[in-house]
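Colleague: Pasting in a structure now, in structure tokens, and then I'll have a few things to ask.
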Amino acid sequence: MKRKTFLKGLMGAAALAALPITAVAQEAIKIGEINHYKRMAAFAEPYKKGIELALEQVNGAGGVMGRPIEFIFRDDQGEPGEAVKIAEELMTRDGAVMLTGTILSNVGLAISSLAAQKGYVYLASEPLADSIVWASGNPYTFRLRSSTYMQAAMLAEEAAKTDAKTFATIAPNYAYGKDAVAAFKENLLKLKPDAEFVAEQWPALFKIDAGAEVQAIERAKPDAIYNVTFGPDLAKLVREGTDRGLFDGRQVFGLLSGEPEYLDPLGEEAPEGWIVTGYPWYDLNDGPGGEFVAAYQERWGDYPRLGSIVGYMTVQSIAAALEKAGSTETDAIRAAFDDLSLDTPMGPITYRAIDHQSTMGAYVGTIALRDGKGVMVDWEYKDGANYLPSDEEVKALRPAE
Amino acid sequence: MGLFIAQLLTGLANAGALFMVASGLSLIFGVTRIVNFAHGSFYMLGAYIGYTLMQVLPGAVGFWGAILLAGIAVGLIGMLVEILVLRPVYRAPELFQLVATFGVILVVQDLALMIWGPDDLLGPRAPGLKGVVRIMGEPIPKYDIALLVITPFVALGLWYLITKTRVGILVRAATQDREMVGALGVNQAWLFTGVFALGCGLAGLGGALQLPKGGADLLMDFNILTAVFVVVVIGGMGSLPGAYLAAVIISVLNVFGVTYLPQSTLVLMFVVMVLVLMIRPYGLFGREEVAGEHGQVGEPERPIKPAGLQVRLLVGAGVAALASLPLIGSNFTQVLATDILIFCLFAASLHFLLGLGGLVSFGHAAYFGGGAYVSALLMMHVNTPMELAFMLAPIGAGMAALIIGWVCLRLTGVYFAMLTLAFAQLLWSLVFQWGEFTGGDDGILGIWPADWLSGTTTYYYFALVLSVGGILFLRHVAHSPFGYALRAARDSERQAEATGINTRRVRMLAFAFAGMMAGLAGGLFVFSKGSVFPNELEIARSFDALIVVFLGGVKTLSGGIVGGAFFKGVEDVLTRYEYWRLAMGLLIIFVVIVAPDGIVGTLRKAAERFGLSRKAEDEA
Amino acid sequence: MSVVLETRGLTKSFGGIVAVNDVSFQLHKGELLALIGPNGAGKSTCFNMLMGQLKPTRGSVFLMGDDITGKSPREIWRRGVGRTFQITATYASMTVIENVQMALISHNRQVFKALPFAHRMHRDRAMDLLAMVGMEGQAERHCAVLAYGDLKRLELAIALAHEPTLLLMDEPTAGMAPRERIALMQLTADIVRDRGVSVLFTEHDMDVVFAHAHRIMVLNRGELIADGSVEQIRNDPRVQEVYLGGGTVFKSEDEAEDA
């Protein structure tokens, strides 16, 4: 655990000025980054490494407007209330020009609510909840990562191509799980009106009773299964399901199941044949995608996770927005994000003016075993722009401004 | 029929690890009266240590050896914790030890992260037990069968140990009468250490045994904790057969719940717990706690007196300093101070119950979060003006507390505490699950104060006046006949009842009053943050308040406030550092050991020793 | 002499076991009446029925002619019955005078007041009561540090707070040294004489009983076997049989303390 930079980056108690992460001049442009570094260490660490890599590159190339960018990393313990407090501190005391971060949707939503009230720009980097840009969207909040809806729509498209008629869903019993199931259903029924959902399982997050869930799904005898569980729940589900033959002769669609964060812990037990969204870094050899992988591996001696590339693209997005704004004023940054386009390791993305969602896509492929490890094969990058509802629908979803 | 049998077997297999962890907790509580919050941490350690050993030890012997060794290793760690952390504080007020175990949780979390890294570890398969057997055509994993066989053996082994050996007889005697065991010339300290180690070892064994069904991850400590508490309470604190039966009931019901009521996964076990406690207030096999369990351990509380002129001046100066904060401090200082003030009010409201009433509520977040949600829901659904929504927060929370108190006050002691926890969990589940109405875990956003209040400084003054006002009011009530009656009911229910005091009504109103003040804090909270999420109703929030009340000093009037300010302040500083949980955990343990009377209690004693204040009467 | 307390056919059975069987007696104003009997005779059960802690299986209890059978302890206290406990029950976290003030607050139905300062209420009256039992010098002491005999006297002061017409005392001298016993019973006798209070007490110590009681009732195996003056009881062959013939001599000190 070499995280000295993190220690360095954090501030002392009272009025101690933050030590700059990158040892550059004082007039750095400060960005407040709030995350659950402890509560979600497995996800936050690669994310942070992606940020640091991008910062080195951006600042090495002269920064933005001739000034380096500096991130102030703060741990919010995974608590929305804490995150709001820290956001205030970052903006009013530490001199941050905008906020970014969070993985957990509720923390992201809390910050977005504050951002709207106090007029802070917030780029929600990783949280997936649709409501961040739709039902609870506001003028000051933007989101980078492809949302629950977009990724579910990609899998629904794949599901529509199969012969499966009856589906079972299993998703953690909280907002993300419910959104993911609703979006999958909506999109699948559009493409395949005769599809039927024969079982809906809702295990408590990280408390799955996998044996019982598998029995319950088996009892419904679906043609195909849509999985939204992740982390330890996924591992348990895969093991019980494989043992009990649940996946035999059934197509499974797994949201996020192909992301290295979730796939790698499964090792040789990775469920072959699942169609999943994820990040096949191992097959990215050339182009911007390959360059990022190579640079990341060289810098950290470790391979990138999905969080890594999200962190990397977060910095890219912010740098591009600042460049476009030509100023660190809130209104300028906010205006710059509208229709902001940039090139990323995943290809070009645009922050849509209509709902502040970026068009970052996702890789969709099939899980196979390679050298005793799960990988995605036959994958394809799907541009997020094609998996969003129509503009009219989006307008109806967002509160009037 | 085949499916039914298969489901039954799944439930029974699941009961295995749960029973082992729960029986350990039950034993520890039965003998030492320690509510070991860190029990989940020992379970997690068992999983991690077992995992590591399995990587090293080869084959089937290695696998089973690793499980056994993991249990032993965790038992040894438990022994160390008991000797270093708990032994110094056995004489502290009852339940104070749970603060120390809370510190242990934080320390273990960071140590596990340091040693094993952040990634989830998938448990190795049991050699020779891969795959399934078919029973009536239904596939049953072979390892499930192994668990089915192993668990009763462990249970029988424990039963033999407890009923047939000398050690066991001592343990049972201690469960019923600790003083007597001491009088028999048995070294009580080592008996406690041994039992604590055994209990932790069982948790570790459970953690290692479940590896082939899952693995090891950094969240598993908290994730099992509630289930284990529920099992122990349903079974009856201290009862091994009870723990076994309850583990089976919960596991089997859960399997059927998953199949026939898939949405029930969050609430099922709490509903079962409430039902069981309503019918059998001390669990299936539990015994009524000896009367006078609370407020009787350690030295008795001291008489209280309204603050003298000196203290009043001091408090006045403090309030004046707070009032001038906006003139000297930054914008953020006000935000931080608002947070701390709100938390202090929350803590003070719990302290009122705990300190004066001896009523240990493990679910106080229900009223804090409840108040916050009352305001937020009113604003969201019926566009209530902010001022009205705010005023209804304490009222709504008070009503909730009145209803919950009415039910819970049928019980006493730890069972009362557990029932309050169950109700808080039920409320949390309701808010979490009922997304259409409450926003679920996506919360309710955009709950900001009215325009005239929306400035940071204005809101700070608003929070200052109400928090300090609330705290002073709580203190004032402590000196009123009502506060005295609450203490009277705690000190001697017999005498209070015999002199015409309706102790049940006194407690119920105290519960509602404390809930109201927590709701006030919740209302202040939601408008300072602009949003509310189910986190504010969670167990973790209840524990926060509990910890600071004990840290501050449960037997002093200002313990809640001092503890709250200390905890929040330290947290704000420490979370800026890398391994803040480790530091925080060690700090809590340190405070617990050097200040077993809490911060205020210990300072008071120190002041008396050095002649700075008048010594209490000839107590020594 | 007017009847303060009367029971008619008071009976209590637990399961199949009859603990108190058909007990009827009267207690008159200003009377100091002792209820004695060997261990397990049913004294405590009887007491608990009078105080409302137990509901009789059959029979009734009358206080000043009113039927109070099955009323709650609080209700019975409100009607002017005070009690002291075999094992003292006081508020350990309060001062001596606050213990008495608490009873006075309850008596004045001020328990649910949240605004006045409790320690300022009924101080003079509380001090009078403490003076009555000789505790005025210790008024401001912490109750938890009192000697046992002082706790007993404090309890008596608490029991007198609402000017009871009847005082029920359960083993008032249990656990006390002989000199303290005599002092406490003398104090009780004085109160009976001066204030016209009636007292019913149970007692192990026969010396105490014979020295102070105006009248004695003997309970054996749940039945009242004798009721009369000290002299009558002393010479009653049935009582002698219960205490002497049964092999149980009048209780020794140690046993009394165990109880």
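Using N, Cα and C of the backbone, Cβ positions are placed for all residues, glycine too.
Automatic prediction, not curation, is the source of TrEMBL annotations.
Model, not experiment: these values are computed from the prediction.
The transmembrane segment feature in TrEMBL is assigned to B:61-83, B:143-162, B:189-211, B:218-237, B:266-285, B:309-328, B:340-368, B:388-409, B:416-435, B:459-478, B:508-527, B:579-596 (among others).
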Colleague: Tell me, please, if the transmembrane segment (B:340-368) and the transmembrane segment (B:459-478) are in contact, taking contact as 3+ Cβ pairs under 8 Å between residues separated by 6 or more positions?
Modeller: yes
Colleague: Taking B:61-83, B:266-285, B:508-527 as candidates, which has the most Cβ pairs under 8 Å with the transmembrane segment (B:189-211)?
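Modeller: Checked against B:61-83, B:266-285, B:508-527; highest Cβ contact count belongs to B:61-83.
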Colleague: Give residue numbers and ranges for long-range contacts of the transmembrane segment (B:508-527): same chain, 6 or more residues beyond its ends, CB-CB under 8 A.
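Modeller: Residues 338, 341-343, 345-346, 348-350, 352-353, 356-357, 359, 361, 364, 366-376, 386, 389-391, 393-402, 404-406, 408-409, 447-449, 453, 459, 462-463, 466-467, 470, 473-474, 477, 482, 486, 536 contact the transmembrane segment (B:508-527) from elsewhere in the chain.
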Colleague: State the non-local partners of the transmembrane segment (B:218-237) in its own chain: residues 6+ outside its ends, Cβ under 8 Å from one of its Cβ atoms.
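Modeller: Same-chain contacts beyond the flanks: 18-19, 21-22, 25-26, 29-30, 37, 39-41, 43-44, 47, 105, 108-109, 112-113, 118, 207, 243-247, 249-250, 269-270, 272-273, 276-277, 282-287, 414-415, 418, 421-422, 425, 539-540.
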Colleague: With the transmembrane segment (B:416-435) as the reference, find which of B:61-83, B:266-285, B:309-328, B:388-409, B:459-478 contributes the most Cβ pairs under 8 Å.
Modeller: B:266-285
Colleague: Are the transmembrane segment (B:459-478) and the transmembrane segment (B:61-83) close enough to be called in contact, which here means at least 3 C-beta pairs under 8 A that are separated by 6 or more residues?
Modeller: no
